[in-house]
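So the structure is just underneath, and the comments pick up after that.
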Amino acid sequence: MSDAPGSSEEKEASSPDLQEEPSDSSEDDISGDAEMDFLRSLFSRTLGLGTGEKVLDELTLDGVARYIQSGKCKDIICMVGAGISTSAGIPDFRSPETGLYANLQKYNLPYPQAIFQIDYFKKHPEPFFALAKELYPGQFKPTVCHYFIRMLKDKGLLRRCYSQNIDTLERAAGLQEEDLVEAHGTFYTSHCVSFLCRKEYTLDWMKEKIFSEQVPKCEKCNDLVKPDIVFFGENLPARFFTTMKMDFPRCDLLIIMGTSLQVQPFASLVSKVPKDTPRLLINMEKTGQSDALMGMLGFGGGMDFDSDKAYRDVVYLSTCDDGCMALADLLGWKAELEELVRQEHALIDSKDKKDKAKTANQSAAAEEKPASNKSE
Ligand SMILES: [Zn+2]
């Protein structure tokens, strides 16, 4: 990286794009006309002048599909939230609609949100782990939507997936750590909370502690061990900010799925793509439209699906799975996506059966029981 370490304010002032673009594009062996084109496009993007050209021929899912097929769309960023995991049976941890907070009375919390508050957790970790046990998914089975993102990766079209989810399903679907920005952290790993120690623990280790109802303690220093999810009162992972600055200025298509775009700073990402970059929202309802006041103040960047000035934002109102399947169909990838889901789910099921058989053997139960699963 050409990036010299420096204060982030300094970078902000002298356009981060100008520092970062050349390092990556040097791969493409730019010279002469191509270089002029590159600079023109860079400046128009940086200065927000790219509104003249409408990239999509139509503000519909078909228009998006044609754009992807055109070959001009090489760097797709996905932004995803809890809505992509609901069909996997995973409750939205923080959403008030799940009735979760109403269910917390038994833990004697000073106020419901305390269960996710870092200061409270460090003093009273028990309620959080009791809740984690209660909500622990019976199975980690990624959805059609997760596998659609995996297909984008396999086809070399995925720049990155920015997820608000902590359920590790993106990883279970085959995305690697470098493909992902888990903006609110992940259950996949845990760490000792002691700044001097920070020993890492795996999901299996944590799961065993949660299910045996022991507060997880560090084997090295006996301090508390906490899943790497971001609690209220904690900062987002540094990777969120550094990666965002590299990714968003060169995004060709933003696909936003299953998020109400209510939580900052995640929600603000939609305005970080270049002005001419198309944005597709697949969600049960429209979201992300900026209000009139913010528009007047010049804080543009909100979604605009319907106004006379709409030129790049597309909404597809459906579940994330249906939306992804519809898009896959238009791209001619439907059979491939269905096959990928079928294969991967069969693999997960057979692994689950093995794990359950192992557990049954361990508990010395001689009789063979068919593996039962709530979600089946
Ligand atoms: Zn420790």
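Each Cβ is built from the backbone N, Cα and C atoms, and glycine gets one as well.
The active site, proton acceptor annotation in TrEMBL covers His184. If you look up TrEMBL, you'll see Cys192, Cys197, Cys218, Cys221 marked as Zn(2+) binding site. The compositional bias 'Acidic residues' annotation in TrEMBL covers 18-31. The annotation compositional bias 'Basic and acidic residues' is assigned in TrEMBL to 366-376.
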Of the binding-site residues listed here (Cys192, Cys197, Cys218, Cys221), which is spatially closest to the residue listed as 'active site, proton acceptor' when Cα positions are compared?
Cys192
List the same-chain residues at least 6 positions away in sequence whose Cβ sits under 8 Å from the Cβ of Cys197 (Zn(2+) binding site), in sequence order, or say none.
Cys218, Lys220, Cys221, Asp223
Shell list (Zn(2+); ref centroid = CB of Cys192, Cys197, Cys218, Cys221; cutoff 8 A)
Val193, Ser194, Leu196, Arg198, Lys199, Glu219, Lys220, Asn222, Asp223, Val225
Which site among Cys192, Cys218, Cys221 has the most other CB atoms no more than 10 Å from its CB, taking these as binding-site residues?
Cys192
